[in-house]
Amino acid sequence: MTRFIQRSLAAAALLISVPALADVSVHVLDTNQGLPGQGVDVRFYQQLNGEWQLLSEQTTNAQGRINSFALGDGDHYRVVFDVAPFFDKQHIDSFYSEIPVEFNVTDKDAHYHIPLLLSPYAYSTYRGN
């Protein structure tokens, strides 16, 4: 039993000492219908040496979420929500085709969450948690 406890404590110490990797999540909320924004394509970029580099492309799930984009080496990032197809599928005219959100990463160990409150003629975004 003592050996089991020692191994368990050693394993726990390893888990605690591993630094957390910073990441970004997004959540699209369709405020026009009061539903999650399912099926929105989102591109994730970092800026290095003045150039935007695509890191990942994902699509929001049934809850309107993308749970994790891994950060790259930069400090400046952009998520681009491709909302035109989302509204086109619903046969809804919209003013916006893409919504870019640029932000700075100041803490490489933090989690960054970007909600997008979306309607055909307006949107709002903020840093969530």
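Cβ coordinates are placed from backbone N, Cα and C, and glycine is handled just like the others.
Feature list (source: TrEMBL):
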type    : residues       : note
SIGNAL  : 1-22           : signal peptide
DOMAIN  : 24-128         : domain 'Transthyretin/hydroxyisourate hydrolase'
BINDING : H27, R65, Y126 : substrate binding site
Site extent for substrate, whole Å (max Cα pair distance, H27, R65, Y126): 15
All-chain count of other Cβ atoms within 10 Å of Y126 (substrate binding site): 10
Three-class DSSP secondary structure - Y126 (substrate binding site): coil
Other CB atoms, at most 10 A from the CB of R65 (substrate binding site): 19
Env. residues of substrate site, Cβ within 8 Å of mean position of H27, R65, Y126 Cβ: S25, V26, V28, L29, G64, H113, I114, P115, L116, G128
